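K.L.:
Handing you a structure now.
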Amino acid sequence: MSHTSSKKRIFSGIQPTGNIHLGNYLGAVRHWVDSQEQYENIFCVVNSHAITIRQDPQELQNKTYELAGILLACGIDTKKSHLFIQSQIDEHAALAWILDCNIPMGDMSRMTQFKDKSNKNPKNINVGLFNYPALMAADILLYQADFVPVGEDQKQHLELTRDVAMRFNRDYGECFNIPEPMIPQVGARVMGLDNPQSKMSKSAQGENHAIFLLDSPDVITRKCKKAVTDSQSNIVFDESRAGLYNLLCIYEIFTQKSRKSIEAEFEGKGYGHLKMALAEVIIESLRPIQQSYAKISQDKTYIQSVLTKSADSIRPIAKNTYENAKRLVGLV
C-alpha cells in the first residue's frame with residue numbers, strides 16, 4: 001500500500017534517554033537534516049520505547065523536550081518535515097498489539113538486541129523489552145514509510161518489520177508498504193573515544209566516552225585530549241589502528257577534506273596536534289547548534305506547540321493505517 005506524496009517517505013526514530021552525542025549527529029541527525037528537500041520526513045521521539053528500562057518520570061519528560069529542542073536546533077524544519085512524540089499518537093501502541101499477535105515467538109526470540117539489553121540489565125527484563133521490535137515495526141508501518149535509516153544494530157529489527165508486513169498483507173489483504181533500509185555510509189559508525197572498538201553510545205559509563213552536542217568547549221577539548229590512540233607516531237587512515245582511525249574519520253566528516261589532504265596536513269605532527277585540531281573543528285561545528293538550542297530551550301511552550309501541531313498533521317495517516325489493519329483482522 002503506497003501513499004500519495006510525490007516524495008518518498010522516511011521514518012526515523014530516536015530515544016530521549018541519555019544525551020544526544022556526536023555519533024547520533026554524524027550517523028543520523030545530520031543526514032535527516034540534509035534529506036529534508038528530497039524526502040518527506042517523519043521524525044519521532046520514541047519515548048514509549050524508553051520505558052522498556054525504568055526511567056525517572058520527570059527526567060524522561062525533560063529529556064523528551066530537550067531532545068526535540070536539539071533536533072530543531074540541528075535544523076529539523078517542521079515546515080518541511082514532521083517532528084512529534086511517539087506517545088502523542090495512540091495508534092503506535094494499538095498497532096503494535098495487532099502485530100504482536102502476528103509475529104511468531106521464534107522470530108522475536110532471535111532478536112539479538114533483547115539478549116544484549118537483558119544481559120546489561122538482568123534485574124529489569126520485562127515483556128516490553130522483549131516486544132520492543134513489534135512496537136518499532138508499528139512505528140514504521142503506521143506511516144507507510146518507504147525508507148528507514150538504520151544502523152547495523154537495527155537491521156535485524158527492520159528485517160522483522162518487513163517480514164511481518166509482508167505476512168500480514170498476504171494473510172489479511174493489502175495494508176502496509178514494505179520499507180527499505182537506508183544505511184548511510186559516511187559517519188554511520190562513530191566509535192567511543194575511550195574504547196574505539198565499540199560504537200559511541202548514550203548509555204556508556206565512561207566520562208570521556210562520548211562528545212555530547214551540548215558539551216562546552218572545555219569539555220570537548222578535554223575529551224579529545226584523552227581519546228585513545230596508540231603508540232605509533234605517523235598519522236594515517238589505517239583501520240587496524242582503531243583509535244586514530246576514529247578520530248581521523250570524525251575530522252574528515254566535519255572538515256569535508258580528502259583523506260590524502262588530511263594525512264598531508266598532519267605529516268610529521270603528533271597525536272596532540274591532531275586532537276587539538278579535532279577539538280577546534282568540533283567546537284566550531286557545534287557552536288551554531290548550541291546557540292540555536294539556547295534560544296529554543298528558553299521557550300518550552302514553543303517546543304510543545306511545534307510537536308502538537310506536527311502530531312496533529314501526521315495523526316490522520318496513522319489513524320487510517322490502524323483502522324485498515326483493525327478492519328482486516330476483524331476488530332470492530
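Using N, Cα and C of the backbone, Cβ positions are placed for all residues, glycine too.
Owing to the predicted nature of the structure, the values given are computational and were not obtained by experimental measurement.
Look at Swiss-Prot and you will find Gln15, Pro16, Thr17, Gly23, Asn24, Gly151, Glu152, Asp153, Val190, Lys199, Met200, Ser201, Lys202, Ser203 tagged as ATP binding site, backed by sequence analysis. Per Swiss-Prot, the feature L-tryptophan binding site maps to Asp139; the stated evidence is sequence analysis. Annotation comment: Swiss-Prot describes 16-24 as motif ''HIGH' region'. Sequence annotations record features per position, and here Swiss-Prot assigns motif ''KMSKS' region' to 199-203 based on sequence analysis.
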K.L.:
Val190 (ATP binding site) to Asp139 (L-tryptophan binding site): how many Å between their Cα atoms?
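P.N.:
Distance (Cα to Cα, whole Å): 26 Å.
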K.L.:
Same chain only, sequence gap of 6 or more: which residues have a CB within under 8 Å of the CB of Lys202 (ATP binding site)?
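P.N.:
Same-chain residues close to Lys202 (ATP binding site) (Cβ under 8 Å, separated by 6 or more) are Gln15, Thr17, Gly18, Asn19, Ile20, His21, Asn24, Ala210.
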K.L.:
Counting by DSSP, what is the helix, strand and coil composition of the motif ''HIGH' region' (16-24)?
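P.N.:
So the counts come to 3 helix, 1 strand, 5 coil.
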K.L.:
Across all the protein chains here, work out how many other Cβ atoms are within 10 Å of the Cβ of Met200 (ATP binding site).
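P.N.:
Summing over all protein chains shown, Met200 (ATP binding site) has 24 other Cβ atoms within 10 Å.
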K.L.:
The motif ''HIGH' region' (16-24): mean pLDDT?
P.N.:
92
K.L.:
Rounded to the nearest angstrom, how far is the Cα of Asp139 (L-tryptophan binding site) from the Cα of Met200 (ATP binding site)?
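P.N.:
Their Cα atoms are separated by 25 Å.
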K.L.:
Counting by DSSP, what is the helix, strand and coil composition of the motif ''KMSKS' region' (199-203)?
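P.N.:
Per DSSP, the residues of the motif ''KMSKS' region' (199-203) fall into 0 helix, 1 strand, 4 coil.
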